[in-house]
Amino acid sequence: MSSIKSFSVLPGFGLSMGFTLVYLSLIVLIPLSAVFIFTSQLTWAEFWAIVSAPRVVASYKLSFGASLAAAAINAVFGLMLAWVLVRYSFPGKKIVDALVDLPFALPTAVAGIALTALYAPNGWIGQFIQGTLGIKVAFAPLGVLVALVFIGLPFVVRTVQPVLQDLETELEEAASSLGANRWQTFRYVLIPIILPALMTGFALAFARAVGEYGSVIFIAGNIPMVSEITPLMIITKLEQYDYAGATAIAAVMLVVSFVMLLIINALQAWAGKRTGRDR
Amino acid sequence: MSNAAVVNKPLSNFAWVSPTKYERNVATQESKWIKISVISIALAFFALFLVMPLVAVFTEALRKGFEVYWLALSDSDALSAVRLTLLTALIAVPLNLVFGVAAAWAIAKFEFKGKQLLITFIDLPFSVSPVIVGLVYVLVFGVNGWFGEWLVANDIKIIFAVPGIVLATIFVTFPFVARELIPLMQAQGKEEEEAAVVLGAGGWQTFWYVTLPNIKWGLLYGVILCNARAMGEFGAVSVVSGHIRGQTNTMPLHVEILYNEYNFAAAFAVASLLALLALVTLVLKTWVEHRAGTNASAH
Amino acid sequence: MSIEVKNLHKQFGSFTALDDISLNFPSGELVALLGPSGCGKTTLLRIIAGLEQADSGSVILDGENASQTHVRERQVGFVFQHYALFKHMTVFDNVAFGLRMKPRKSRPSEKVIAEKVHRLLELVQLDWLADRFPSQLSGGQRQRIALARALAVEPRVLLLDEPFGALDAKVRKELRRWLRKLHDELHITSIFVTHDQEEALEVADRVVLMDHGKVEQVGTPDEVYNHPQTPFVYGFLGSVNLFHGRVDDGHLHVGDDVLHDLGENYGPGSEVYAFARPHELDIVVDTQQVSGLSAKVNRVLSFGLNSRVELDGINSAHGQHFEVELSPQRVHELSLTQGQIVKLVPSKLKLFQRDSLHKDHHA
């Protein structure tokens, strides 16, 4: 023990570390490894056939495409919302600030049926959009986007907001005294400082959106080749007792998740360096 | 770019709220119209994506009157779903609480190799799709899984039964307490604990009288978020539950079943309970943030 | 270029930061705003820069009323206490910032900008750091880069907020001398804020002493140090012994003790405060001598050029502490012992009417 841990007078390292490792392994690591162990029982050809089936590929396109679009929308409006919450005063600000976390607190199934009710052809928003623009939102790929925007918004707001809050006004005062106008200050001084946090928020929203299930399945309509998301493909295979198929697709998604995790960690390190904040 | 008028412009657009320090500083304020436009756009987006769904839940729930609403909630299947949801949270939250404290203690108070890797592993459940969480437990405990034959032989049911639901819930709520406590305890350092040990306190005494008072708000914060997710989890639980009415249905699953049966009023009635839970969570969370904030500034 | 402020008033809630300030900063001078924290000096500097709005009064730059001019149009160079360098930009980009932000028609070409930036970096002797980021610089280097950045836009005046406040003692001394030298080369009207009297007296052409939002005295370092006009200035610049007494027949009565030779006329019965610097007091062992203030020797500190004697007041001055600075020979002659009762004889005393002190009696 002494070789991996440096000396400390505080007690309880063995107990707390032992419990942490056992619990982590039993609940998370060993079960997760099952995905890769089951997948490794497939031949490469079998694996490839499953994960590159047209219906599955269509689901990747929707899941990744909609997740990217949703994260981009959230990056723009999340930044705006964070800016408004930090910089401006307006009535009801505290309530808005608290409600930003609603997607974290509201069960996804509830969000799913609520959004469906709103955007269905006879819903409050749906009938308006379909009536005036002729665009179908619920039971179409656009519905997936709507659900993913809902899910991802707090990720951007909550990563950008603290960075904005910690920004010294001195920087803007300096820019201003050097003759920069408001837009130049925003573009050349503020944006470069916020950017790493904004990208972290974008990546977090994207990662969450790719794996999201509950809020999407109600509104998506789940039409094969059109509005099926990848997590739904896993469920579909499972319901057909096609464990190999479900596992292979899960393996692909897990690899993507791990890559995202690495990217997010790197972004956070960058953000810490850029803003001088330590995490 | 005319400069004469820009300096003395109104601070807040709303006379009855006090302006922020940015609105008072000539170097950090925008013109009135830019400010009003940005606030309007941001709040419109906020209303469209966050407020409207919330309002929709309650209006849909009460659309057919209070009687239908009450009937849906007092239905025996609904009540057993509530019971199962509470039971699941009651098991998952304390387990993850103990884990969170243990992990944070080991990580924040000691130096050891592989610490960063351990933190990444603890965060891992957040980046795994809930559907995959359900799947992995099927692979381990399902009929064709690693322990499938043994479980059947001993007549133990995990998948499509309550233990599977609890396990899946523990997985998805795994990091909540730990990730709240780790940065908090790291920031607090270990000087106070060392002082306690020097003064002759034992391990548990040190934890109970020195560490716990310092982390109580962070702990509570983690527990509140953990509980909200535990009660609201859908995807992971959906895979392992088997959807047996009155037995393996949690509230979110019950919402799904009712919805798929086109029993919308009942589905939204149960959903409104979950939405209320979410609102209570947000209120508690804001309150804890406030308390933790005033506590921190008092030090 | 000259700076003038007229009747400036600034209130933060119930706190008066500036109370009817009128000052004139002549062209080409280096002026220090000196005072304790909360005296309003930084607020005054920020109002001159345009970073803060006065509640009333005006700022006149070069004879022109600039009170309504936005900070970005005032053409002032401002150096922030914590430098406010842009962390994501190199040293070069930081210094070039102001030039690149100019409207397109008055913006110099990149080539001209590069030349100018390098010239400025040479001026602050940091040309070799052009490609570094601020996080890779020492505090003193950051300070000089901040100065170069402010100078790049050819400001009409240079304003520095606690320019040496965040530096350690050794670097601070070095930079002080360097700033003075730089000012002698550039002759740009400059104002800097400081709470460090040594810094103000050493660097500035003129010193403005402020307290509680008011100007206490303006003058050359020599004037303010040797001829303090108010009790505050007397107490703020250098250490001082203070006693409270009453004037009667040309003598100052402090309790039962009497001090002669006031050199100043006060009406009989005036309540006054008397100030004497540590080196303006002598110690007399013969307590029979009537003219002196009784005190008890507490400690004798004999190191450095001068020795210091710490004494406790007795009788009416009970609870008060005095400090006397003597030459080592004199201390040797006196051969003081702890607890010995002696008399303090001032060679010079400065008296102020008691009511003139009420304002900072609590400070």
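Quick reminder: no glycine exception, Cβ is built from N, Cα and C everywhere.
Quick look at what TrEMBL annotates:
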{"type": "DOMAIN", "residues": "A:60-264", "note": "domain 'ABC transmembrane type-1'"}
{"type": "TRANSMEM", "residues": "A:21-44", "note": "transmembrane segment"}
{"type": "TRANSMEM", "residues": "A:64-86", "note": "transmembrane segment"}
{"type": "TRANSMEM", "residues": "A:98-121", "note": "transmembrane segment"}
{"type": "TRANSMEM", "residues": "A:133-157", "note": "transmembrane segment"}
{"type": "TRANSMEM", "residues": "A:188-207", "note": "transmembrane segment"}
{"type": "TRANSMEM", "residues": "A:213-235", "note": "transmembrane segment"}
{"type": "TRANSMEM", "residues": "A:247-271", "note": "transmembrane segment"}
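Within its own chain, the transmembrane segment (A:64-86) is flanked in space by residues 93, 96-97, 100, 141, 144-145, 148-149, 151-153, 155-157, 160-161, 164-165, 194, 198, 201-203, 205-206, 209-210, 229, which lie at least six positions past its ends and keep a Cβ under 8 Å from the stretch. Only residues 6 or more beyond the boundaries of the transmembrane segment (A:188-207), in the same chain, are considered here, and those with a CB under 8 A from a CB of the stretch are 67-68, 70-72, 74-75, 78-79, 151-153, 155-160, 162-164, 167, 171-172, 175, 180, 257, 260-261, 263-264, 267-268, 270-271, 273-275. Within its own chain, the transmembrane segment (A:98-121) is flanked in space by residues 81, 85, 127, 129-130, 136-139, 143, 146-147, 150-154, 157-158, 212-219, which lie at least six positions past its ends and keep a Cβ under 8 Å from the stretch. Just going by CB pairs under 8 A, the stretch in A:21-44, A:133-157, A:247-271 that sits most against the transmembrane segment (A:213-235) is A:133-157.
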